[in-house]
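Visitor: Handing you this structure, nothing more for now.
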Amino acid sequence: MNWYRTLVPESILKKRRTLEVVKAKKAEAVVAAKKHSLKVKQIAFKSAEKYVKEYRSIEKQNVLLRRQAKAVGNFYVPAEAKIAFVVRIRGIIGVSPKVRKILKLFRLTQIQNGVFVKLNKATINMLRLVEPFIAYGYPNLKSTRELIYKRGFGKINKQRIALTDNSLVEKVLGKFGIICIEDLIHEVFTCGPHFKEAANFLWPFQLSSPNGGYTQKLLHFAEGGDHGNRGEEINKFIKQILPVAIPPVAMTYLYDDDDVDMGGSTSAWHDMHNHDLMICMLQRNVQCELEGLRKMLHIQAMEVKWRDIAHQQADEIRYLPMPTGMDSMAQDESSDLKKAVAEKDKAIELLRNELRQALQLALVHEEDLETALDQREKEEQWRGMVEAQNRQLQDRLTQESQAKADMQATLVSVLQHNAPPMPPAHENVDAVRATPICAPKLQLNKQPLSSIPSHPAPHPQASAHGETSIKNQFTTATVPSWK
């Protein structure tokens, strides 16, 4: 038997070795990426809990200062805002080059574009120059978070990329210690040391027109218009120009809790997202379920149409005159067609069952949404009742303290006018202690006003000691003598 030895070309051997090396490097890179992901998850959860505590401490400090100022009778003046959210609301056709340049520096190149701006002397003067073309104010934490989650896009390699993963943030801002969306929100809201890099990383927000439209763009907000500084009212404006549902963005580290022990991360997640965000998430789930139901209904309609066509073709084949020798083939084809139709019927039944389950799930989500809305309304009503009761209780305490002070003043004045004279000095202290003390009895002498002298004479005993005393013009007191 002849054996032939197969020779492999050197180029193929080199290619195999190269592929093995590349495969080994890829495996090492996957392991390293997994370790890095676990490490970043732990850091992200710790930073999220730290931010929650920081936000709570700031709110408690503001409430405490406001109460202290109110207790003393002063007014609490909060600290000045560090950042502003600027939205362009008008075009710039026929305006001065200075206004064009300022809007270009703010990256407001289109109408309904919005950016975060750090407030200092230069930026405030620039905002005043372009005030007729913009609406700006001081956003709170909720508005900042919703803007970044709902309409947040990053500038990665000079491209507008949606922030769908925390790794995108870490790739650009990781060298500044910003590795997730919550770090980015904290840096922007608190105007941290790397605010410039974080704000430049965020692509200018492309916002929608407000619900109900604008009132009057040519008038200032203080005059009933739309442009100019809105202060804290910018939060209502942001709520009007943002969508209701939240897209699935950048919460990978907060969702995936299977590979690492979070240590209270679930509570941190619920603390960071208030009732409004939870309601928005429920609305988003309902919308996703409805979209899935629409797709399933479309598929079901297509299946029904295909089944009707198959039945029609089967009927046509059944009634066609068959040539000799083709009966068996026609029967085989008809049996195969019937089997296919039966399989399609089963598939349609399965789709119907899935559709029923999806409808039930959508109803459950809708009930959860209604329950959350009812709970929120009840909490608002309860909060209003508690505030009214606190105000009533504070008013009652104030009235009682005032009445108590008036009563004390009245008692002091009565005691000063009707106090009995001091007894004379006794040599025998025991005799004085044994002497019973009787309270003075007041006797009112009803005398006409004409009989009372306008300048009463001084008391003889008081004049003997060089002192003067004035009797009461309307009442006289009979005091028992001391023995």
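Using N, Cα and C of the backbone, Cβ positions are placed for all residues, glycine too.
Okay, so TrEMBL annotates it like this:
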COILED    334-410  coiled coil
COMPBIAS  450-465  compositional bias 'Low complexity'
COMPBIAS  469-483  compositional bias 'Polar residues'
DOMAIN    8-79  domain 'Large ribosomal subunit protein uL30 N-terminal eukaryotes'
DOMAIN    84-134  domain 'Large ribosomal subunit protein uL30-like ferredoxin-like fold'
REGION    447-483  region 'Disordered'
Visitor: Please list, for the domain 'Large ribosomal subunit protein uL30 N-terminal eukaryotes' (8-79), how many residues fall into helix, strand and coil according to DSSP.
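Guide: With helix first, then strand, then coil, the domain 'Large ribosomal subunit protein uL30 N-terminal eukaryotes' (8-79) has 63 helix, 0 strand, 9 coil.
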Visitor: Going by DSSP assignments with H, G and I as helix and E and B as strand, what are the residue counts for the domain 'Large ribosomal subunit protein uL30-like ferredoxin-like fold' (84-134)?
Guide: 21 helix, 12 strand, 18 coil
Visitor: Quick one: average pLDDT across the coiled coil (334-410), no decimals.
Guide: 86
